[in-house]
Amino acid sequence: MPQLNTTPWLMILIFTWFVFLIFILPKVMTYIFPNEPTLKNKKTFMPWTWNWPWY
Amino acid sequence: MMLNYFDQFASPIFLGVPLIALALTLPWLLFPTPSTRWLSNRLTSTQGMFISTFTQQLLLPVNKGGHKWALILISLMIFLVSLNMLGLMPYTFTPTTQLSMNLGLATPLWLATVIMGLHNQPTHALSHLLPEGTPTFLIPILIIIETISLIIRPLALGVRLTANLTAGHLLIQLIATAALVLLPLMPTVAFFTMILLFFLTLLEIAVAMIQAYVFVLLLSLYLQENI
């Protein structure tokens, strides 16, 4: 099975994580989910939106 | 050197460029980065809906400390689903058939959950090694078995994805070859083989999505245990 040939394994590992961290993570992070705008006469405070919490 | 059916999984190099590099970098053109506009186009809205629904579903059983893993788990899901699905098209290369890539994704993430669990709440993390209600005389052997099952998790994660996709691609190729060869000899049998190939392709589309989901779901499960 050619997948078991360990020669390209390090490059594939490094390249996969590189693409994953550099291209995809920022793309997903820019997705924001804003709330529907609330009316002025409503007394409720603004609820919290999902902002990809980091801590 | 005769070409065998496994050679489709050897990463081809064309004009000095390994095609796995193209297969890994180009799919993200299908995912436009959303702008800060409130109303975006249909593709961005659809992807945003998928991401928000999936995040909610995945993080439902995870407590608040695990929510910081949302970004990496969702990105991983999008990564794996798009690579798997695009690999089903003819003449494409599926990077997720490479054991190196799947092990490379599974091992660091699993190890991160284990290290976090052992560092923050070591007693709670170690308590998973002994299921509740075991008879006393079975305790030593069960701890050994549970430790082995813990160590084998990243291997299982990686090999599960690799094997499912590799087997699927191989089956498609075998049955397609059979249909092609049978066409001049026994057209009726070739016709039924084509129907089988059609259903197999539908199954492979489902498998592509399910295997990516299972990978991410299991990682979230390991996270639940340790966070």
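Heads up, the Cβ atoms here are built off N, Cα and C, so glycines get one too.
Noted in TrEMBL for the protein shown:
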type	residues	note
TRANSMEM	B:12-31	transmembrane segment
TRANSMEM	B:69-87	transmembrane segment
TRANSMEM	B:99-118	transmembrane segment
TRANSMEM	B:138-159	transmembrane segment
TRANSMEM	B:171-199	transmembrane segment
TRANSMEM	B:205-223	transmembrane segment
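Highlighted: of the candidate stretches B:69-87, B:138-159, B:205-223, B:138-159 has the greatest count of Cβ pairs under 8 Å to the transmembrane segment (B:99-118). Residues 23-24, 27-28, 30-31, 51, 54-55, 58-59, 62, 93-97, 105, 109, 161, 165, 169, 205, 208-209, 211-213, 215-216, 219-220, 223, 227 of the same chain sit 6 or more residues outside the transmembrane segment (B:69-87) yet have a Cβ under 8 Å from a Cβ within it.
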